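K.L.:
Pasting in a structure now, in structure tokens, and then I'll have a few things to ask.
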Amino acid sequence: MKIVKRDEMLNIERFAIEEIGISGAVLMEIAGNQVADEIIRSYPDRSLPITILVGSGNNGGDGFVIARRLFDAGYNPAAWLLVDPEKLQGDALVQYRIHTARQLPLHSIEEGLARLDEDLASSEAVIDAMLGTGISGAVREPFNHIIEMVNGHGAHVFAVDLPSGLDCDTGRVENVAIRADETFTFALPKRGFFLQDGPSVIGRLEVKDISVPGTLADRLGMELPELITEQLAVQALPGRPQFGHKGTFGHALVIGGSKPFVGAPLYSAHAAYNTGAGLVTLAIPEEIYPVIAGQNQLALIRTLPGAEGHFNGEGVEADLFEKVGAVAVGPGLGRFDAGEAFIEEIMEHLDDQPIIIDADGLYHVKDRLEMLSRYRGAVILTPHPGEMATLTGRTVADIEADRITVAEDFARKYQVHLVLKGHRTIIATPEGTWVNPHGNDALAKGGSGDVLTGMIASFLAQGAGAAEAMQAAVYVHAASGERAAQKYSHYGVTPGNIIETGKEMLKEMEGKK
Ligand SMILES: NC(=O)C1=CN([C@@H]2O[C@H](COP(=O)(O)OP(=O)(O)OC[C@H]3O[C@@H](n4cnc5c(N)ncnc54)[C@H](OP(=O)(O)O)[C@@H]3O)[C@@H](O)[C@H]2O)[C@@H](O)CC1
Ligand SMILES: [K+]
């Protein structure tokens, strides 16, 4: 499913109205009906106290439809028009006229905020149809106070299209926004749901079909980022020929580790093994061999010469890469003087196998980005925002303000594949962009990134294309974080739990392949 900015949504909507010939009023009727149906499904009890907050634009127009449908279904919601009716126009005005012609009850803002607060305080559910995609700037009076009132009460809040106050492009909340329990968005999810404050205010997101399908975006030639869904990840997962042998499933090489970071390469190697790689070799500095050997039962181990607890840059020889299908360099690597030359030498030994560069590997390539552009195969970089700041010379705040654009620009400029980690992870490649709506705080732990790197390496070794390996790994990793948190709590999830739970996710996914 594609995600859109405000102008893109407006263009698609305009195309649906002007070229396809489905009128705005019809779209509004469908939109309002979709939300009303959800509320009726959630709350079959008709006596439930519900407040509907109606704003001045088309979002408010949707609110009128919802109110009317609920009255018709036997509910008695308190519908509040929060602006002077004189302000209404277009389809919203049409809906207001229908509402009044039907002689349905409607509260006016003239009754005062104290009176509205009484309704809000006694409501079990609140429907936010105040502001949608048309908001500009900070939320003005009286909506800012009303939003605070809603957030201060304990009612279940349904946001219509988006939580009022959220900028649907940037995901920024300038002053206040509704904190929704559920958001029913129309046609396509909005980009701001996955950026900045968006994820913390939208609650459970559901996309409602209003007869404006995403295929209209394709007809308009729009290149839009796509959401990573289970279905997409299932398609991206490499196939497993039934009579394959270990050679069929590829050989992943993980290069990393140093005296302070012994666990990182182990997590990557174990993640690779547990997600299907036929063979995994772990190349580590010789000094940490005894510790690694004691903790590893899966990967082949290859030691390279080291100094002061790190690699010393030597010992990178052709036979290390023999029959290797994918390389990951960086987990636990640390920083050392010969680091830049070390990675350069690794890349020189490769033909065109995909290479993942992670953690301090990223630090060592920050001044060699042209080398990455020149590489014949796929280069996958997996920075968190701090590492992305190092790669781009920008601040973390800058990157977080528009993760999608930053990632896309970087991927195109250097012709690399990028996994920009964080809350919400972005995959950007020269060919397209994907946004991962899954994952949680349980993944924000040392070792978690190493697991992701191992999963990507594993899928690459098994023959997935670069974009597909990233999609499948990002999904399995994030969905495992969600699943593991249900079992072990958000506090208790470890990288090892992610690897174990990943197998459960894969079990479900292979059944759908
Ligand atoms: N996409 C689709 O296919 C469909 C979309 N539909 C729906 O249309 C919605 C978009 O409608 P929209 O364009 O009328 O904008 P909307 O969000 O109602 O807000 C505009 C009003 O808000 C006001 N206002 C603005 N900023 C403000 C502020 N900071 N603080 C306070 N007020 C502020 C502004 O007032 P003004 O600035 O003009 O004084 C204006 O009156 C969309 O989200 C979806 O719900 C469906 O019906 C059908 C199909
Ligand atoms: K809204």
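From the backbone N, Cα and C atoms, a Cβ is placed for every residue, glycine too.
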K.L.:
Going by TrEMBL, LYS421, GLY422, HIS423, ARG424, THR425 bind AMP; tell me which of GLY432, GLY446, GLY447, GLY449 is listed for that site too.
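P.N.:
Answer per TrEMBL: GLY449.
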K.L.:
Let me know which member of SER23, SER108, SER164 TrEMBL also records as binding K(+) at the site of ASN59, ASP128.
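P.N.:
So the K(+) site in TrEMBL includes ASN59, ASP128 plus, from the candidates SER23, SER108, SER164, SER164.
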K.L.:
If you check the binding-site residues ASN59, SER164, ARG424, THR425 one by one, which have a CB less than 6 Å away from any atom of ligand 2?
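P.N.:
Passing the 6 Å Cβ check against ligand 2: ASN59, SER164.
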K.L.:
What is the maximum Cα to Cα distance, in Å and rounded to a whole number, among the residues LYS421, GLY422, HIS423, ARG424, THR425, GLY449 annotated as binding AMP?
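P.N.:
Largest pairwise Cα separation, rounded: 14 Å.
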K.L.:
Between HIS423 (AMP binding site) and HIS384 ((6S)-NADPHX binding site), how many Å separate their Cα atoms?
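P.N.:
HIS384 ((6S)-NADPHX binding site) has its Cα 10 Å from the Cα of HIS423 (AMP binding site).
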K.L.:
For HIS384 ((6S)-NADPHX binding site) and ARG424 (AMP binding site), determine the Cα separation and express it in whole Å.
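P.N.:
Their Cα atoms are separated by 11 Å.
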K.L.:
Filter the binding-site residues ASN58, SER136, SER164, GLY449 down to those with CB closer than 6 A to an atom of ligand 1; keep them in sequence order.
P.N.:
ASN58, SER136
